[in-house]
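*Asks:* Straight from TrEMBL, here's the annotation block:
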- G543, A544, T545, G546, S547, G548, K549, S550: ATP binding site (BINDING)
- 272-281: compositional bias 'Basic and acidic residues' (COMPBIAS)
- 302-327: compositional bias 'Basic and acidic residues' (COMPBIAS)
- 526-716: domain 'FtsK' (DOMAIN)
- 20-39: transmembrane segment (TRANSMEM)
- 45-69: transmembrane segment (TRANSMEM)
- 81-99: transmembrane segment (TRANSMEM)
- 142-164: transmembrane segment (TRANSMEM)
- 171-190: transmembrane segment (TRANSMEM)
Amino acid sequence: MAKRKRKKKSIGVNLKYEVYGILLITISVIALSGEATVGRSLSKLFGLALGKFYFVLALVGIYIGLSVMVKRAWPSGWSNLKSGLVLFVLALTLMSAIAEIDLKLGPTGGEITAGVILSQLGSDIRGELLSTSTSGIEETPMMFKAISGGYAGAIQYSILYMLFGSIGSKFVMVVMFAISIMLITGRSYVDLIKTLNTKGGRLFKLLRHKFAGSMRSNMKPAPSSSSAAAQSANVPVMVLDDDEEMDFEYEEAQPRPEKKKKSLFFSWLNESPDKKPKAGEPEWEEHEGHPISPLENPEWVEQERSTNRLDDDHWHEPNPPEVEHHQADWPEALSPAAATDVEDYADIEDTVLDMGAETPNEELDSSSGLVEKPVPTAGAGQKPSHSTEKPYQLPSLALLSRPQAGKSGPSDTSDSKRKLEATLESFGVRANVLDVVRGPAVTRYEVQPASGVKVSRIVGLTDDIALALAAKDIRMEAPIPGKSAIGIEVPNTEVSVVTMREVMETTAFQHAPSKLSIAFGRDISGQPIVGNLARMPHLLVAGATGSGKSVCINGIITSILYKATPEEVRFLMIDPKMVELNVYNGIPHLLAPVVTDPRRASLALKKIVVEMEKRYELFSKSGTRNIEGYNTLMVENPAAALPLIVVIVDELADLMMVAANDVEDAITRLAQMARAAGIHLIIATQRPSVDVITGVIKANIPSRIAFGVSSQIDSRTILDMAGAEKLLGRGDMLFLPVGMSKPIRVQGAFLSDQEVEAVVNYARGQAEAEYKEDLVPEVEESAVDGNGDLDELYDQAVQIVLEAKQASVSLLQRRMRIGYTRAARLIDQMEARSIVGPYEGSKPREVLLSMDQYQASKITS
């Protein structure tokens, strides 16, 4: 019974809006026709306001009527388009009023004032619209009456004339037209002028090269057809296809009919200024960081002209080895990209286009005979020089998979809004849902409580709201930063996968100037989240197993590989799990092979500390404060510039079990001092407990990422606040960058293993890994023999251990001021002689002898 009443009520509301819409459309059409008493009256009423443009009000009425019928609600909100339309109509009425005054009062030569303008136009309007028409005489149509722009135009002109005069009023009218057109079209005049300037420059250069080529062709004899056909085989040629896009084709040595050349002017006009390049395709723009357009490169234009005409001197020269060289070069250049399973043929085209853009420069270098020799460098922290002739090229986006169109849940959230408001109302909480923002994994309802309603009352209804919305779990953000509203985040029924390629294709990542830019994913509103590791300056990543932590680490590494060359950024990777980061072995960005032994990992961190101290010594001698200032000073000597170093620890918990004190000390020193030296830490762990993420580590790593965890305690350990226990997993994370009081909910970008391997294979194909010997951790693994030679400090070490009644490598390092390797060897010798017990993970070694027993055994021996 209740359902039937509710259904009848909803049907009645819908009918009500349709009735309103039909009535409004009917009245507007009658007013537009201007027939009979009602039509004439409405037309004259609208004419009093807008004059000859009375029909605009009738059209607005028809639009509102249709909108009410379709949307079942009265129009609300405002936009730039509506502002532009209103301003355009006002400019039209002003123009009509100015024309009417110039026509009537201009020839008289009398004094014109604002009062005269308003009086003249007002009398004309009243005389035409309010005077009774003589019976038997057909009334003049509204468009031919002397009503100009109505009272809207009369009032505007009188005010503007009083303030700016006649010429100033006309200038204001032109400005109104210009602004209204800009608001309606949404296009900037500055961008339009820049586009026309760029296109004009390209057209001028193209015409100049075309003219020069035609002059040369008239001066050269035509080549024989046989030699031209033989030399044009398998040469990459730039042709214009039906869509007027630049592309490469391999032409076979076979006769073909000569194509009709297209007009140069029309081929230039077909380029749209709004046309964006495909992902992975170079943008033909003449600015820093992008390749120059082939149309602007004389070598490319010459090559295209020569291939089409087959009469250039380059093809006349008999040089078969050069042709064979190019035929062998292209497949070799494409081999890294071919290692991936590319689903779309467009990806292969993009890669071919990228590789082809480098061919003329390589020809020029090889023909000139000038080979750049590597500069030998010495000293800690200096960049290694690569022996390869061609410079390192950043990978193309074609190596990554294109985002697939996933299933999207229902976009209409009005039903959920009503349920949410009804649930709050049933508990006596008056609130209004302001906005609904749908993201990749969750939908956020922005709720504004009424005055007098406490935020805690809404937060306390979390479980009841989840029950009403049939959601697995919801998370509340009270309040939303920057808004006077509470965010209620409800999981979507269908999760949209965010791929790494779609985030990297965004402007936020492409225009990021930092070499340590990281593509994290998209937030709730779908905006890309791109971070800068240089500003963080260290990052803690924690979450339960399977929550997306390893994918996040791979995404961070891949983002940096897409931004930086080996001369700019180097990695030191520590992977105690032995399976996550081993795939990166062999890339040229590594300082040392991926460290998998926990004991070597502790030593590797200490070597990075030594590297940091060496860098600070260089800064002190050069009078600079940080790595940016030092590298700026070394502009004239690029070989002495220092690369940034990113230290990645994939599992901190395992290291803390083996050598907690050493690892914590090294991480603390690096976190405190390494930022200015260009060294950044990324630490990941799947056990976010206080014995792993200690207070000292948390205090020095302000930027953190929390994935799904099992309890609120773990969430507080990572973020110092609750919330991570309600995450959905599979890349759903809370990102807390430095300087923010509340974390951002982000759906992490997904990166498959095949994509990681493709990028790694590409990097390996660009250059070989050159490890720094002083940063490769080595642990002497020689077994300690009972009858072997003892260290000369053995007795002193035993005395220290027996007096302290505890044994550890760090204890001997501090007391005896020796290195890690020697202290570890002393502990091993004590274990072999049964002075201390075996290694027991996080527990300290047990001391098996007392001082008296040791002295007695020493006397007996």
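Please read every residue number as a count from 1 along the shown chain.
Placement of Cβ uses the backbone N, Cα and C atoms for every residue, glycine included.
Model, not experiment: these values are computed from the prediction.
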*Asks:* Under a Cβ pair cut-off of under 8 Å, which of the recorded stretches 20-39, 45-69, 81-99, 171-190 contacts the transmembrane segment (142-164) most often?
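*Replies:* Looking at each of 20-39, 45-69, 81-99, 171-190 in turn, the most contacts to the transmembrane segment (142-164) are made by 45-69.
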*Asks:* Which sequence-distant residues neighbour the transmembrane segment (20-39)? Criterion: at least 6 residues beyond either end, Cβ under 8 Å.
*Replies:* 45-46, 54-55, 57-62, 64-69, 141-142
*Asks:* What is the total of other Cβ atoms whose distance to the Cβ of K549 (ATP binding site) is within 10 Å?
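*Replies:* The Cβ of K549 (ATP binding site) has 26 Cβ neighbours within 10 Å.
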*Asks:* Quiz question: given the binding-site residues G543, G546, G548, which has the greatest number of C-beta atoms lying within 10 angstroms of its own C-beta?
*Replies:* G543
*Asks:* Enter the number of other CB atoms within 10 angstroms of the CB of T545 (ATP binding site).
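*Replies:* Excluding its own Cβ, T545 (ATP binding site) sees 10 Cβ atoms within 10 Å.
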*Asks:* Please identify which of S547, S550 has the densest Cβ environment, defined as other Cβ atoms within 10 Å, among these binding-site residues.
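*Replies:* Sorting the candidates by Cβ neighbours within 10 Å, the top entry is S547.
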*Asks:* Near A544 (ATP binding site), how many other Cβ atoms are within 10 Å of its Cβ?
*Replies:* 20
